[in-house]
Amino acid sequence: MENTLVLLKPDAVKRQLIGEIIARIEAKGYVIEDIDMLVPERDTLAAHYEEHEGKPFYEPLLEFMSSGPVVALKVSGHRVIEGFRSLAGTTDPTVAAPGTIRGDLGRDWGKKVVENLVHGSDSSLSAERELGIWFS
Ligand code: CMP
């Protein structure tokens, strides 16, 4: 059994898509093990996004992610890390495949940072690290 961290970003919460996105995760057969709704502290975001420090979208990203509540989910299932990333679709919602969360529900709003509704850990190492940040 594997666990992953899923974040429903502030754009998902503002657009009232929490239920829609969680329904897709559950309909796929994955299990919500833990859930928390919070406005993230800068320290939390800096730890979570440490690999992006110095990139042009880093500050806009932290500003966006602290602009309102996010929903953090610990999700479990066999191969859930890969499976959720497949459900989410590619980073850029404009070209994410229809049928995916980003492809069906996301678009480019012309902001400095790509607002793409969800985050999912990209490896078991990241999942362990990120779950430690959000569910310590
Ligand atoms: P996420 O998977 O949470 O990880 C980093 C986030 O930064 C990403 O989703 C997008 O929201 C954003 N992002 C990634 N690449 C870019 C980019 N080239 N320009 C703007 N924002 C980006």
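Backbone N, Cα and C atoms are what each Cβ position is placed from, and that goes for glycine too.
Per TrEMBL, the features are:
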type	residues	note
DOMAIN	1-136	domain 'Nucleoside diphosphate kinase-like'
BINDING	Lys9, Phe57, Arg85, Thr91, Arg102, Asn116	ATP binding site
ACT_SITE	His119	active site, pros-phosphohistidine intermediate
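Where TrEMBL records a feature, it is marked here on the structure.
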residue: Lys9; record: ATP binding site; CB count, 10 Å: 21
residue: Phe57; record: ATP binding site; CB count, 10 Å: 14
residue: Arg85; record: ATP binding site; CB count, 10 Å: 19
residue: Thr91; record: ATP binding site; CB count, 10 Å: 12
residue: Arg102; record: ATP binding site; CB count, 10 Å: 23
residue: Asn116; record: ATP binding site; CB count, 10 Å: 23
residue: His119; record: active site, pros-phosphohistidine intermediate; CB count, 10 Å: 22
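Remark: secondary structure over the domain 'Nucleoside diphosphate kinase-like' (1-136) totals 58 helix, 28 strand, 50 coil, with classes taken from DSSP.
Maximum C-alpha to C-alpha distance over the listed ATP-binding residues Lys9, Phe57, Arg85, Thr91, Arg102, Asn116 is 21 Å. Among the recorded positions Lys9, Arg85, Arg102, His119, the residues whose Cβ sits under 6 Å from any atom of ligand 1 are His119.
Between the CA atoms of Thr91 (ATP binding site) and the residue listed as 'active site, pros-phosphohistidine intermediate' there is a gap of 9 Å. A straight line from the CA of Phe57 (ATP binding site) to the CA of His119 (active site, pros-phosphohistidine intermediate) spans 16 Å. In this structure the alpha carbons, written CA, of His119 (active site, pros-phosphohistidine intermediate) and Lys9 (ATP binding site) are 7 Å apart.
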